[in-house]
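A.B. asks: One structure follows; several queries about it will come next.
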C-alpha cells in the first residue's frame, strides 16, 4: 500500500518538477531597472533596451558604463535640435536576455516612459522583438550587434519591410571572408570541420558557410548541428580527425567542453576560427593556455583609428576609460554601445525635431563617423535600405606573459577593414 | 571502434551526471522534495571554490575541504528554515520554495560575480588522457567517475550502517512512528539535506573544473541530473548511478548516429522509462 502510494506521489512530483524546470529555463532574471519618467517638450528621451541579466548578459556588460558616460556628457552638452537645445534623458530597461521580455520592455519604454527613440544592442533574439515593437508604435529604433541577415530576414527568405528600424553591423558574408583570409595564411589540407549548434546562429552559419567559403578551396564537413548544452563531443571529434581547419559558432561552455575533449583525444587542427564562444576575454581566460592562437572575428578593437563624434575620444581612449572605471578588460560591444548614442544624436540633430517621421527620414540617408567607423545608410545596394554595414577584421587570442591582460586579441586579418592596423600575422595552432 | 569509444565516453559522462544527481536523489528519497535549487547550488559551489582560489591561492582540489562543509551548513539552514515549514503546506510548497531559491540564487550570483563565464583551472589535467589501445580517455573524467561511485557507495553505507542513517530511513518510512521513538524529524530532515547539498557542492566544484560556468548555468545542469534520477528510480542511490550512466551512454551513442540526436537520445530514454517503467530501473534499493 505504502509502496504504491509513494510511486504515485513521486510521479506527480516528477511531472511538477519538469513543468517548473521549463519555467526556470524560460524565465530567469531579476526585475527591470527602469527609472520612471516621460520626456517633456524640451527633453529628448532615449529608451535603451539592455541585457543586464540572463544568458546574454556579457553582451550588455559595458552598457551601464556607456550610459553613465553618456549621461555625464549630455548634462554638459544638450543636443541642438532646430533652434532649441534639448536635455537628454536616457531610460534603461533590462530585457533579461529574454525575447518576449525584450518586446515588452520596448513597449514600456515607448508607452510609459515616452521614449522619442529606442536603441538596443544585443543578439537577434533581443533586437528583433524591439524593432517589431517600434514598427508597431511608429517610433524610430536603432539597433546593432546582430549580423544583418537574422535581423532583416525574419520569415521566409526575403528581408522584412521595415519603416522605423535602422540597423548597423556586418553580415555573414563578411565573417566568411575574414575567416577565409585567416585560413589562407595558415597551411592546411583544405578540409574543415564544422561545429554548428542547433540555434539561430548555428543554423544560419551551418547553412551558408559552405557556399560562402567555397572559393577558398576549403571544404566544410558538418556532421550535423548539435543542441546547445551537449556535454560530450566524441562523435564530432572522430568525424573531424584529419581536418586541419575548425570553424564554428558554439556557446562558451560547449566550446570549452569540445576543445578540452579534442585535446584529450588528440585532435589538433592547425587553425580554428570560432565565433561567439571567443568573443569575451573572460571566456578565453577560462580556457587557459589551450586558447592561445584561437581565431575569431573582430568588429571593434581599441587599435582602430576611429573617434567618437560626441566625446572626441579615440577607440583606445574609450577602452582605457572603461578599463580604468570597471577594472575589467575591454569587450567588443563597448564600442557599439557608444556608437548607438552617436547615431541617435546625429539622427535627431539632422532631423531638427523629435518627431518620429522626421527622425526616420534623417536616418534613411544618415552618415556618421563613429567610434566603430563610418556608419551610413542607403549606400550599399546589396543590403536592405535600413542596414548599414560596419567593417570587420579577424584576430587571434594570444597569451601574453606579464602583460596587462592574460590574453590580448591581436588583429591578424584586415582585408575588409584596411583602416584597422594589423598586430601580427596568423599563426598556426600547436 | 567509434562505437566502443562512444560507449566508454558515455560512461565517463555518466559519472558526472551521477555525481550531480545523487544529492537530488537523496533529498527526494528522504523527504519527497524536488529541489529545483539544485543546479544553482552546484554553480554557487563552483563560484565559492573559485573565490577561495583567488583569495588564498590554494590548490583547486583542496577547496572541496571548505566548500563541502559550507554548503552542507547552507543545506541544513535551508531545510530547517524553509523546506520544513513549506512541507507542512503540502507537497507543492517545497517545490515552489526551491524554484524561488533558484531564481534568487542565480541573480545573486550575477550581482556578486557578474555574468562572465568562469572556470576553475586544473592546469594540464583538463586535457590529459590515458591511452587504451586506439582509445583515449580523459583523466579528469575518469576521476569524476571514480568520485561519483565513491560518493554513492559511501552514502549507501552511511545510510544502512550508521545510527543516524537508520534514523533517517526510519523518519522517511514513517515520520510519526519515528517521532514516537524519540527521533527529531526536523533535525533528521535537515541532516539529510545537509549531506545532499554537501554532495552537490562536490559535484559543483567538479563541474566548475570540467567546463565554463556562468550564474545561469545551473538550469542546464538541473535537467540532466533530474533525468538521471528518474531513469534510475526515484529516491534510489544505486538507481541514480545507473541512471546517470544510462543517460551518458544514450547521449554519446545517439550523437554517434547523428550529432543532432545526442541530447535528444537522452531525453528519449528518459521518456521511455517514464512510459514503460515509471518506477525507474532500480526503484527499490536500500533507500527507496
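Numbering starts at 1 and runs along the chain as it is shown here.
The backbone N, Cα and C atoms fix where each Cβ goes, glycine too.
As the structure is a computational prediction, the values presented were derived from the model and not from experiment.
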A.B. asks: Look up transmembrane segment in TrEMBL and report which of B:60-78, B:117-135 it refers to.
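C.D. replies: Of the candidate stretches, TrEMBL labels B:60-78 as transmembrane segment.
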A.B. asks: To the transmembrane segment (B:6-29), which of B:60-78, B:137-159, B:221-247 is linked by the most Cβ pairs under 8 Å?
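C.D. replies: Stretch with maximum Cβ contacts: B:221-247.
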A.B. asks: At least three Cβ pairs under 8 Å linking the transmembrane segment (B:221-247) and the transmembrane segment (B:60-78), pairs spaced 6 or more in sequence?
C.D. replies: no
A.B. asks: Under 8 Å for C-beta pairs, could you tell me which stretch among B:36-54, B:60-78, B:189-209 has the largest tally with the transmembrane segment (B:90-109)?
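C.D. replies: Comparing B:36-54, B:60-78, B:189-209: B:36-54 has the most Cβ pairs near the transmembrane segment (B:90-109).
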A.B. asks: State the residues, same chain only, that lie 6 or more residues beyond the ends of the transmembrane segment (B:60-78) and have a CB under 8 A from a CB inside it; answer 'none' if no residue qualifies.
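C.D. replies: Answer is 37, 41, 44-45, 48-49, 52-53, 101, 120-122, 190-191, 193-198, 200-202, 204-205, 209.
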